[in-house]
Structure formats: structure tokens, C-alpha cells
Amino acid sequence: MATRFLHLHRHRMEKVDSGTTFYFSRLLSLSLSLWFRAFRDYRAILRNSLHFNEALDLFTRMLESHPLPSTVDFTKLLTAISNSKRFDLVIALCNHLETLGIPHDLYTCNLVMNCLSRSSRPHLASSFLGRMMKLGFSPDIITFTSLVSGFRNRPEDAMYIVNQMGIEPGVVMYTTLIESLCRNGLVDNAMDMLNRMENDGVRPDAVTYTSLVNGLCNSSRLSDAVRLLNDVDMMRRRINPDVIAFNALIDGFVKERKLLEARELYSEMIRISVAPHVFMVSRGVSPSIRTYNVLLHGLCLNGKLDKALLIFEDIQKRAIDVNIITYTIIIQGMCRAGKLKDAVDLFCSLPSKGMKPNVVTYSTMISALFREGFKLEAHVLFRKMKEDGFYKYR
């Protein structure tokens, strides 16, 4: 196209005088220079992460460029928009590209399939599978994994797809099925799927085990979850469950009021090394503050403030980033234990720690002050809460 463009301009310039020829030559040079710069610009932008509005602006610019960018370049942009979870927009833009004569490729089709599945429209995803095949594309493992994911709330349909697709499932698809079964309370079926997965020679990964641990904890099968975390095969393969698994396990212990087990898990962290989080870190896991918050909340709720304070003190020594939820849990524990002065001291120290009380923190302190007869102080704190925007008259 560029050669034809140059030929036409050369033919025109032969018909004008030398001064005009020079003018058109400079104009053509500038035009081509601007085009190549724009081409390089959007290519450079595509290599970087894009915010949603930037992606939309770039899409408009790409549509206005001549010649139009390739399907690959548009697909990179659509992927960036998809990462913003604007699935409907991605689907609409793909349809628009098709009307402009920009053909789909397998990657684009898989992107649309993924967007349909993630926006909980599995039947449309199934229909799109048929359309893909009419366009001459053979669905691959990525296509079917997205489709199976769309049926995550309907495990029987997901299983049917896997059995009919004619492709050997990989670790991602097996894990998707296991997560789907666990989500719907079919934990025994999920364990059977784990066995099938291993028999097929597919090795489970950290996400697989995390899904199972989470499912077992949600089904109040904590002993099975612990057994799975300590699975010999998992240790031998150096599979490291992520922090979600540990959060689920500690949360499960607390909900079942099995604080001894929760404490034992924490003690095991300390036993393995000085830092309480080394137990997780030694297995490739960084514990989140949520893990600690769950444990602290359970201890405070069950009147074990002293043990909660020891953990709270240890967390601070280890330079683990705490949040206002952590402080609020401790303040609540102090108020429940009748240690109002300690609660007030900790509350008053929040600004120096860079923490801003939330509505729960304020409510806890106001209730405790009223309960202990400090009504004036409670009213003062209530006014401060209103000033901070946490209370509005209806």
C-alpha cells in the first residue's frame, strides 16, 4: 500500500513545476514521518500498562490511523481493557472491529470467550464456540478452559464439557473444575477430581490445593484441610499453598471456636523460626494481615485478650503492616475485658501511628464510654465522629 501511495504522488508531482514539486515532496515527507511516528507511538503505548480511559483513547486513535493496525495490535489493546473487567465493552469493540473488516484470530476469539464466561453468560459463550468453529478456528485448551470457567456455578455442565471436548485437561482446567465443585459444596467430588487429575499425570499446583483447603474449611472439615496441607506428596513436590489457604484454615478454626488449633498453627510458625510468619514464608507464602486479624478477633471474642496482645506485640516487632481493622479488634478486646483506660490510650495513639478511626472504632469507644458512665466524653467523641463524616442525619 505504501508503494502504491508513493507511486501516485510521484505521478502527480511530474505534472507540476519544480517549486510545487519541492512543496509536495516536503508535504509527503512530513505526512509519512507523522504516520510512522504515530505507528511507533501506539506500539510503544501498547507495551506499557494502560488505564481504562487511556485504552479507550488509544482505540479511537488506532481506528483513525491509515492503514489500520493489525489484529494483533488491536488484541493487545482489548486485553488491556479486559484486565479492567469491562467485559461488555471488549465484546462490543470486537464486534465493531469485525464490521470494519478486521478479522478475528484465535486469540481474539479466546478473548471474547473469556469475557463472556467471566461476565456470567455461559450460554452465550457456548453459542460463540459454535461461531468460532464456523469461522474455521479449532478451539484449544484455552478456549475450553474459559468455557468451563463460565459454568463454575453449574459443575455438572462443566463436567459434561470436559468429557465431550476431546482435549486432555490441563492443570488450570482441573483446578477450575475443583474450585467449581468446592464452591457448590461438592467437596467429595472435588477430592475425586484431584485423584483423577493425578491419575492422568497432571500435577496439582498451589491454586489446586488452596481451592480444596478452602472448600474443606467452608464445609467444616478442618481436620481434612489440615491433612491436605501436610500431604506428603505436596511437600515432596514443594507445592506451596498461598495465603488464602492459611486464611481459610485459621478462619475455619475461629468459626468453630477451635482456638487451640488456631494457636497451635501460630505456635508452629514461631517454632520453625523466630518470625511468626516464617512458617508461611518458608513454604513460599507471605501471610496477609487478614490472617492475623482473624486470629486476633477470635482470641478477643473468646476472652483471651492477653494472648491476643502477645500476638499483636509480636506483629509490630516483625514490622508487619497493620491496619485500622487490627487496631479496632484490639480496642474492642480491651473494652470487652473492662480495660477502658488501655482502650482510650490506644485509640488516642492512632493519629501518631498514621491510622484514622473508622465507624466501628468510633462506635466501640462511644459505647464503652457510655457503659462506664463517661457520658460527656462519649458525646464529645460522637461529635468528632460526625466531623469526620461517619454520621449523617437522615
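Cβ atoms are placed via backbone N, Cα and C, with glycine included.
What TrEMBL records for 105-139 (among others) is repeat 'PPR'. Sequence-distant contacts of the repeat 'PPR' (105-139), counting only residues of its own chain at least 6 positions beyond either end whose CB sits under 8 Å from a CB of the stretch, comprise 71-72, 74-75, 78-79, 82, 85, 87-88, 90-91, 94, 146-147, 149-151, 153-154, 157, 165, 167.
The repeat 'PPR' feature in TrEMBL is assigned to 170-204 (among others). Per DSSP, the repeat 'PPR' (170-204) is made up of 26 helix, 0 strand, 9 coil.
Per TrEMBL, the feature repeat 'PPR' maps to 205-241 (among others).
Per TrEMBL, repeat 'PPR' is recorded for 242-276 (among others).
What TrEMBL records for 288-322 (among others) is repeat 'PPR'.
Across the repeat 'PPR' (323-357), the DSSP tally of helix, strand and coil residues reads 25 helix, 0 strand, 10 coil. The repeat 'PPR' feature in TrEMBL is assigned to 323-357 (among others).
Here the repeat 'PPR' (358-392) has Cβ contacts under 8 Å with residues 324-325, 327-328, 331-332, 335, 340, 343-344, 347, 350 of the same chain, all six or more residues outside its ends. Sequence annotations record features per position, and here TrEMBL assigns repeat 'PPR' to 358-392 (among others).
Within its own chain, the repeat 'PPR' (323-357) has Cβ neighbours under 8 Å at 289, 292-293, 296-297, 299-300, 303, 305, 308-309, 312, 315, 364-365, 367-369, 372, 385, 388, counting only residues six or more beyond its boundaries.
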